[in-house]
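Visitor: Submitted below is the structure of interest, expressed as structure tokens.
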Amino acid sequence: MQDYLMGSDWQSVGLLDTLKMERVRTILTHTYPYPHEHSRHAIIAVVVGCLFFISSDNMHTLIQKLDNNIKWWSMYACLLGFFYFFSSPFIGKTIKPSYSNFSRWYIAWILVAALYHLPSFQSMGVDMRMNLSLFLTIYVSSILFLLVFHVIFLGLWYIGLVARVAGKRPEILTILQNCAVLSIACCVFYSHCGNSAILREKPFERKNSGWFSFWKKEERNTWLAKFLRMNELKDQVCSSWFAPVGSASDYPLLSKWVIYGELACSGSCAESSDKISPIYSLWATFIGLYIANYVVERSTGWALTHPLSVKEVEKLKKKQMKPDFLDMVPWYSGTSADLFKTVFDLLVSVTVFVGRFDMRMMQAAMSRVQDGAQQEDFLYDHFSEKDDMWFDFMADTGDGGNSSYAVARLLAQPSLQLRSGNSKLTLPRGDLLLIGGDLAYPNPSSFTYERRLFRPMEYALQPPPWYKEDHIAVNKPELPCGVSELKQYDGPQCFVIPGNHDWFDGLQTFMRYICHKSWLGGWLMPQRKSYFALQLPKRWWVFGLDLALHCDIDVYQFKFFSELIKEKIGDDDSVIILTHEPNWLLDWYWNDTTGKNVSHLIRDYLKGRCKLRIAGDLHHYMRHSYVPSDKPVYVQHLLVNGCGGAFLHPTHVFSDFNKLYGTSYERKAAYPSVEDSSRIALGNILKFRKKNWQFDFIGGIIYFVLVFSMFPQCKLDHILQDDTFSGHLKSFFSTVWDAFMYMLGYSYVSSAGAMLLLIAAFSFVPTKVSRKRRAVIGILHVSAHLAAALILMLLLELGVETCIRHKLLANSGYHTLYEWYRSVESEHFPDPSGLRARIEQWTFGLYPACIKYLMSAFDVPEVMAVTRNNICKKGMESLSREGAVIYYASVFLYFWVFSTPVVSLVFGSYLYICINWLHIHFDEAFSSLRIANYKAFTRFHINCDGDLEVFTLAVDKVPREWKLDHDWDGEPKQPQQLSHLRDFPSKWSAASSQQDPLSTVRIVDHFVIQQTEKPDLGGMNGSVTH
């Protein structure tokens, strides 16, 4: 006995060690404490049950019973392959009411509807037809029952018979999901336990009712033996756990309202069954549990489901808090209202504002002082008396929340500890933050500015306690109490220029949120207008220019800066020109000349005093420095850094730039490197659809229009009758070519679609390419899409034709599934009390009609095949308008799934070829990737000698998960303390400390601009550290 107990203990410990119950609890427990996701647990239970029953019954005979016919294997591979690639972008994502969740249900519907017609499932012992018909019947019944329950419950709540906390209405999607889980559970039980109303003659005794009691003593420690005897466990589960609850005579009141089980006798049974169906009892149990759970949760709320104290619950919630960052903008979304609004705003801006109304002109007119160089609205000199100064520059923020916050977190730190070679550097936070435009994507609006710009900045450095979101700053600067003038304020300040995206609404949102607000997070904004001049220490200046949509400054802006140069800037002063667009790179790329007023200002007024030009717009980092020569040098260094949070742009496209204003330049730094940039572009082939699954709406419709007139293909005998694989291929592609010629000659809809696509493809090619090359590129692009669409069309038609030839489709009309179910319903689900007839009478025939048409709507392949047969026999003229709509809708449901992965693959390959081989589409090819990584900003230091040290700091990988920063949370906070005085100013840190930007930031470029050095005396200015 002692040996037995010791053996049992050893076995128990081994089992627990193997299962790792803590990991199991983590998987089965929802992350957030309330509300419970009960349907999630139900889904897990149903899936585990399905796997258990299927493995017990079929796994040991699966290989032996599968059909060896190669065409069915090929059809399975194609079907499952296309469905996998269609659903792959949604795998692992949270189930929520969205296109992602819709796609899951859509895939489940049409995949199962297709698979159950294929032959191999019956050889596996699974009767898909019975399961589907039973599922749909239970599903409809459950939905109707629960809807009635919810209506009654809301009525009781309305008249006050239910607690007010229960007033939240249930989501329809939740009801549908619960009904689906319930129906699947009933079908799984029926498949493996049946609807038998009589138990086994020798039921298991109590001593044998345990989980492991049927094993022999010598087999208890043999896992293989346990697995091989799974059938006994399955029989025990069916007989003990899900046994019928009794006969109808035991419940006289229910005798006319229950479903009965079938008698377990071989052959016909004389008497009718009096036992309640175990499926009915299982369904009723699930419905009862759902109702009880719903009533308890809505009536008692938090207290019953959470025995923890309120203090402990609040503490737990605080630990699990996460920032509500927005994702990167989906530029290829076919359903985004923001993108359509962006296009509309751009058209209005170009049509109305460009050349007609200019906000910059209005700013000049509204200025309070008329003498150009004295205008306090544009000129700020409160930094000029400092001994030295640190300031930062970033641009193109306001895209993804993760990337924008990662940069903002680095900007907000009191100092950054970095390594440069073998030495350690401490870089203090900048007293000034310059932002180079494009503050929010895709368009300027209250929502995008608040969620994509202000929220990440406020998380990084909180605004002062008295700050109010709806406050309008009338008299700027609005200084904190105790500070009388701007030069006395020792906190960080921010100056911003607008970018092209900020001008899409005529600069209205920029003026409201930048020029008429005082705080961007913890950065004070003294700025009143959209352009400015800053006088910095040691005779350094910053000119912030507003290029609008003209890519140039206006006359009034030119007047202000030119007079400022004449009256304020000395011969030995140094100027930094800040613009949004780097026209030196873009003009070279587009072979164009823009910014003539800016060039005039630099060449004829500054005359070599412009030491540095900085810009954003291109979302990478790149620096070019002049090559010493005898020619005059108007600008020494050209720096682009648009890595403030927006998607990444390539660097290899611009690697050959080398000249501006007649001066030669060489590339000193690029981030990411040219090699990495070229490699990243490969993601268009591999990841385009994963990153841009919302493009499905456009891509699927385009492909369907291209082949719309090609359906159906009635003459496919020559493909199916070939004996060799090469013969099949030859016949297949010959048919594709014939379909293409037919489209050109007879198909007006498809031909018009192809022509429109060709025009769009030609227009899509950048104008820097000659018209002849644009035509060639457009034709090749459209040809690839057209060939892919025709091949997919023919594959779909071949699949349907094969199933028709093997009597798997189009056998008995549109209602095949319903008619078959009614034929077996009376045999397997007896109804001696006439319940179904009474329900049909009370619902005026809606009960069977709803199920009938639901089954027909579910069985899309059957509808498609029957209609296809009618068209092939009688012609398209025999089809009514409603019939044509039904046919093409059924075709579209499957063709859309087949086409969306392919159109993304073709289009992604096109972008990859263009960006890496032709160096075009740099914007389109990288916006598709939505890369949040490779983020950077530049930190400047004017030292005591007047030299400008430039450090560019970068983070290669941006964290995706954040948690509450324990240092920030634990730091004591004074009621009126400004956030820049804290040691830990940022609220969120990376979930993994190794991925936190403070741990991964590094220097990617470092050089020094000496103020006293003359560029025409030879010698390269500055040093570079990589």
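Every residue, even glycine, has its Cβ placed from backbone N, Cα and C.
Because TrEMBL annotations are produced automatically, they should be read as predictions rather than curated entries.
Found this in TrEMBL, in case it helps:
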- 390-594: domain 'Calcineurin-like phosphoesterase' (DOMAIN)
- 42-60: transmembrane segment (TRANSMEM)
- 72-91: transmembrane segment (TRANSMEM)
- 103-121: transmembrane segment (TRANSMEM)
- 133-160: transmembrane segment (TRANSMEM)
- 693-711: transmembrane segment (TRANSMEM)
- 739-764: transmembrane segment (TRANSMEM)
- 776-796: transmembrane segment (TRANSMEM)
- 885-913: transmembrane segment (TRANSMEM)
Visitor: Check the transmembrane segment (885-913) against each of 72-91, 693-711, 739-764, 776-796 and return whichever range has the most CB pairs under 8 Å.
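Guide: The stretch with the most contacts is 693-711.
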Visitor: Among the recorded stretches 72-91, 133-160, 693-711, 739-764, 776-796, which has the greatest number of Cβ pairs closer than 8 Å to the transmembrane segment (103-121)?
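Guide: Comparing 72-91, 133-160, 693-711, 739-764, 776-796: 72-91 has the most Cβ pairs near the transmembrane segment (103-121).
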Visitor: In the same chain, who gets a Cβ under 8 Å from the transmembrane segment (776-796) while lying at least 6 residues past its ends?
Guide: 78, 702-703, 706-707, 710-711, 713, 732, 735-736, 739-740, 743, 754, 757-758, 761-762, 764-765, 769, 891, 894-895, 898-899, 902-903, 906-907, 909-910, 914, 918
Visitor: Could you give the residue numbers and ranges of same-chain residues that sit at least 6 residues beyond the transmembrane segment (133-160) on either side and whose C-beta is under 8 angstroms from one of its C-beta atoms?
Guide: 166-167, 169-170, 175-176, 178-180, 182-184, 186-187, 190, 283, 287, 290-291, 294-295, 298, 817-818, 820-821, 850-851, 854-855, 858
Visitor: Pop the mean pLDDT for the domain 'Calcineurin-like phosphoesterase' (390-594) in here, whole number is fine.
Guide: 93
